[in-house]
Amino acid sequence: MDLFVRASGPVDAPAIVFLHGGIMSGWTWNPVVARLPHYRCLVPDLPQYGRSFQAGPFEMGRAAGMVAELIRARVETGRAHVVGYSLGAQVGVQLLATEPHLVDRAVLSSTVVNTLPAVQLTRKLAGMFARTAALRWLLINRYWDAGYAVQNESYEQDARLNAGAHFAHIAESSAGFTIPAGLQKSFAPSLFVTGTGEMRALHRCAALLARSMPHGVDRVATGMRHDWPLHHPDLFARVADAWLTGGRLPAELAARPVRGRQGRRHGRSRR
């Protein structure tokens with residue numbers, strides 16, 4: 001079964017595939033897409049999300065494979081930029097590793113990779129926690145926007161994931177995601193972004209991913225939290241446009257300080 005895709009923009013323009021986060025489906029990219037009318041924007045609902053609910057269950061490698069097929073089928077040049085957030089950023093990393101020839105450039109925000117020695121235990125614990133009402137309460141109260149609920153019918157479709165059994169294996173897949181084999185051979189210039197208000201673990205993940213790629217760069221978005229692509233679409237669109245065109249990144253993005261020093265890539269020219 002193919003993924004449901006929202007398409008907009010000139011068919012002959014450079015293509016961007018937007019990959020959504022783990023709580024809501026592709027419609028959440030609408031404010032960003034609206035600010036990038038000069039691109040061909042393709043926004044799929046990932047397997048088990050939104051209008052691709054029947055294409056589930058979600059699995060990281062399978063999701064990346066379906067995105068790869070989308071690019072092959074819907075992009076005339078056979079290559080696209082990839083923009084991902086949270087779970088979608090993980091899918092983007094998997095795609096960069098397994099199908100590097102399909103990606104021109106990538107912007108990936110808040111990408112989690114598991115660097116712990118007990119990956120399987122982490123997966124199991126994440127699945128158990130995802131089945132609890134406590135996690136669903138935390139996710140809904142921290143990330144759901146009441147304005148979205150009354151303005152968008154897709155909210156109800158996304159709410160299906162609030163059932164623990166549906167969400168548990170997604171949580172397991174995300175929590176068990178490690179740096180995939182082959183990422184070091186992906187030459188697509190890739191920007192890994194986290195907000196300064198995010199957990200330190202996410203900052204370490206971004207730095208590690210950037211070091212794992214020949215043209216990887218990590219930056220921090222000043223004053224931003226985990227959900228900044230959704231709540232600050234103008235800034236996010238400017239970041240994406242600058243990176244995808246090889247332009248200067250907005251001043252709100254800074255090089256990452258590391259142990260009192262500027263990060264490994266501070267001062268290096270943008271690719």
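Cβ coordinates come from backbone N, Cα and C, glycine included.
For reference, TrEMBL has these:
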type: DOMAIN; residues: 14-117; note: domain 'AB hydrolase-1'
For the domain 'AB hydrolase-1' (14-117), the averaged pLDDT of the predicted model is 95
DSSP puts the residues of the domain 'AB hydrolase-1' (14-117) at 45 helix, 23 strand, 36 coil
